[in-house]
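Visitor: Please find one structure pasted underneath; my questions will follow.
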Amino acid sequence: MGPLSAPPCTQRITWKGVLLTASLLNFWNPPTTAQVTIEAQPPKVSEGKDVLLLVHNLPQNLAGYIWYKGQMTYLYHYITSYVVDGQRIIYGPAYSGRERVYSNASLLIQNVTQEDAGSYTLHIIKRRDGTGGVTGHFTFTLHLETPKPSISSSNLNPREAMEAVILTCDPATPAASYQWWMNGQSLPMTHRLQLSKTNRTLFIFGVTKYIAGPYECEIRNPVSASRSDPVTLNLLPKLSKPYITINNLNPRENKDVLTFTCEPKSKNYTYIWWLNGQSLPVSPRVKRPIENRILILPNVTRNETGPYQCEIRDRYGGIRSDPVTLNVLYGPDLPSIYPSFTYYRSGENLYLSCFAESNPRAQYSWTINGKFQLSGQKLSIPQITTKHSGLYACSVRNSATGKESSKSITVKVSDWILP
């Protein structure tokens with residue numbers, strides 16, 4: 001059988017996609033016949049055009065042949081088959097409507113797409129001739145001629161030594177390998193430069209001026225290679241981490257005025273203050289000079305302990321300080337005595353406890369009818385009698401704030417017994 005040319009293309013299609021190239025793989029060389037080969041015509045085909053998978057040197061006495069997509073002869077890879085007797089054509093599950101098989105076993109693929117790239121298997125069956133028949137498999141691979149790649153970046157303006165960058169070589173190309181270049185040299189592997197499993201993605205950790213680029217990526221397959229235009233990262237100056245200075249870390253509630261200062265000072269920065277992870281809202285209580293680097297908090301309360309952070313920003317981004325939390329001294333508040341009931345019977349046990357909000361913890365003392373009894377939060381008198389009736393007072397004191405407070409209850413003890 002002579003070669004069969006693919007039908008001429010009557011419409012000219014401008015190539016915008018990927019060229020497809022056939023690489024030839026030769027198989028099965030029976031001793032009395034010429035070598036069977038498969039080639040693509042044309043050798044390079046544009047996406048949207050037609051390609052003929054032309055078969056040479058078919059053996060004689062054929063019963064038929066089957067084309068499969070891929071290297072496996074599974075049913076769902078079955079494209080089409082040709083039966084010599086009756087010249088019948090049968091289509092399989094992998095038939096797309098664009099394939100046409102000829103009597104010489106050649107396969108025409110029309111309107112080629114990128115999905116058509118890859119391996120094809122021709123299954124040849126000879127008639128039974130006393131030896132049970134002969135079956136041969138012939139495989140070739142249709143490669144994508146690599147397009148010119150481009151590099152996409154997660155961040156073209158990284159902060160020096162502070163930010164990571166992810167570079168990706170586009171497009172994703174089947175059956176191709178990826179290679180990266182930096183400063184015109186093959187990419188060195190360091191702890192700052194790491195590649196993905198496919199090499200298509202490059203991770204740059206903590207970009208410095210020495211690894212800012214230019215970067216290029218290359219897409220390569222067995223028939224071609226293409227390199228991208230260079231991409232250089234615009235390295236931004238490093239922002240030094242700010243810190244907060246404060247005139248008093250242990251202010252007294254409603255008494256001390258606090259002044260926070262965000263360091264360092266620079267005309268190139270914008271300053272932002274944060275409280276409890278939220279941007280500090282404008283409030284009449286909070287005073288901020290026009291540059292916002294200083295924060296003045298008069299009459300601090302226990303609800304304003306923080307944490308506080310300051311942030312410095314330039315037009316590309318910002319960085320926050322470590323948090324600062326205040327130790328606001330307060331109290332003691334008016335104490336509470338538990339339990340609150342005041343009537344007891346003779347012989348009962350008396351247990352009283354006292355509590356007052358205070359920072360640091362308050363000192364407690366008890367008096368009965370003005371006479372000191374003990375120091376501590378709890379007062380216990382077993383088997384009380386009527387002589388224990390009187391005014392019980394809990395006094396609390398905070399040595400840090402210098403404040404004192406007290407609470408009293410009247411306890412009445414009776415010999416009266418319920419019937």
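Glycine is no exception: its Cβ is also placed from the backbone N, Cα and C atoms.
Heads up, here are the entries from Swiss-Prot:
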- Cys169-Cys217: disulfide bond (DISULFID)
- Cys262-Cys310: disulfide bond (DISULFID)
- Cys354-Cys394: disulfide bond (DISULFID)
- 35-144: domain 'Ig-like V-type' (DOMAIN)
- 147-234: domain 'Ig-like C2-type 1' (DOMAIN)
- Asn104: N-linked glycosylation site (CARBOHYD)
- Asn111: N-linked glycosylation site (CARBOHYD)
- Asn199: N-linked glycosylation site (CARBOHYD)
- Asn268: N-linked glycosylation site (CARBOHYD)
- Asn299: N-linked glycosylation site (CARBOHYD)
- Asn303: N-linked glycosylation site (CARBOHYD)
- 1-34: signal peptide (SIGNAL)
Visitor: Among the disulfide-bonded residues Cys169, Cys310, Cys394, report those whose Cα falls within 10 Å of that of Asn199 (N-linked glycosylation site); none is a fine answer.
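Guide: Checking Cα-Cα distances against Asn199 (N-linked glycosylation site), the disulfide-bonded residues within 10 Å turn out to be Cys169.
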Visitor: Out of the recorded positions Asn111, Cys262, Asn268, Asn299, Asn303, give me the one sitting nearest to Cys217 (disulfide bond) by CA distance.
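Guide: Minimum Cα distance from Cys217 (disulfide bond) across Asn111, Cys262, Asn268, Asn299, Asn303 lands on Asn111.
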Visitor: So, three-state DSSP: helix, strand or coil for Cys310 (disulfide bond)?
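Guide: Assignment for Cys310 (disulfide bond) reads strand.
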Visitor: Which one is it: of the recorded positions Asn104, Cys169, Asn299, whose Cα lies the shortest distance from the Cα of Cys394 (disulfide bond)?
Guide: Asn299
Visitor: DSSP three-state call for Asn299 (N-linked glycosylation site): helix, strand or coil?
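Guide: Its secondary structure by DSSP: coil.
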Visitor: Pop the Cα-Cα gap between Asn299 (N-linked glycosylation site) and Cys169 (disulfide bond) into the table, whole Å please.
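Guide: Asn299 (N-linked glycosylation site) has its Cα 58 Å from the Cα of Cys169 (disulfide bond).
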Visitor: Between the Cα atoms of Asn303 (N-linked glycosylation site) and Asn104 (N-linked glycosylation site), find the distance and write it as a whole number of Å.
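Guide: Roughly 89 Å, rounded to the nearest whole number.
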Visitor: State the Cα to Cα distance, in Å, between Asn111 (N-linked glycosylation site) and Cys310 (disulfide bond), rounded to an integer.
Guide: 62
Visitor: Return only the integer: C-alpha distance in Å from Asn268 (N-linked glycosylation site) to Cys310 (disulfide bond).
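Guide: With the alpha carbons as reference points, the distance is 15 Å.
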Visitor: How many other Cβ atoms are found within 10 Å of the Cβ atom of Cys394 (disulfide bond), counting all protein chains shown?
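Guide: Within a 10 Å radius of the Cβ of Cys394 (disulfide bond) lie 24 other Cβ atoms.
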Visitor: Using all protein chains in view, find how many other C-beta atoms are within 10 Å of the C-beta of Asn303 (N-linked glycosylation site).
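Guide: Looking across every protein chain shown, the total is 8.
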Visitor: Tell me, how many other CB atoms lie within 10 A of the CB of Cys217 (disulfide bond), whichever protein chain they belong to?
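Guide: Other Cβ atoms within 10 Å of Cys217 (disulfide bond): 26.
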Visitor: What does DSSP give as the helix, strand and coil breakdown of the domain 'Ig-like V-type' (35-144)?
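Guide: Each residue of the domain 'Ig-like V-type' (35-144) counted once, the result is 6 helix, 58 strand, 46 coil.
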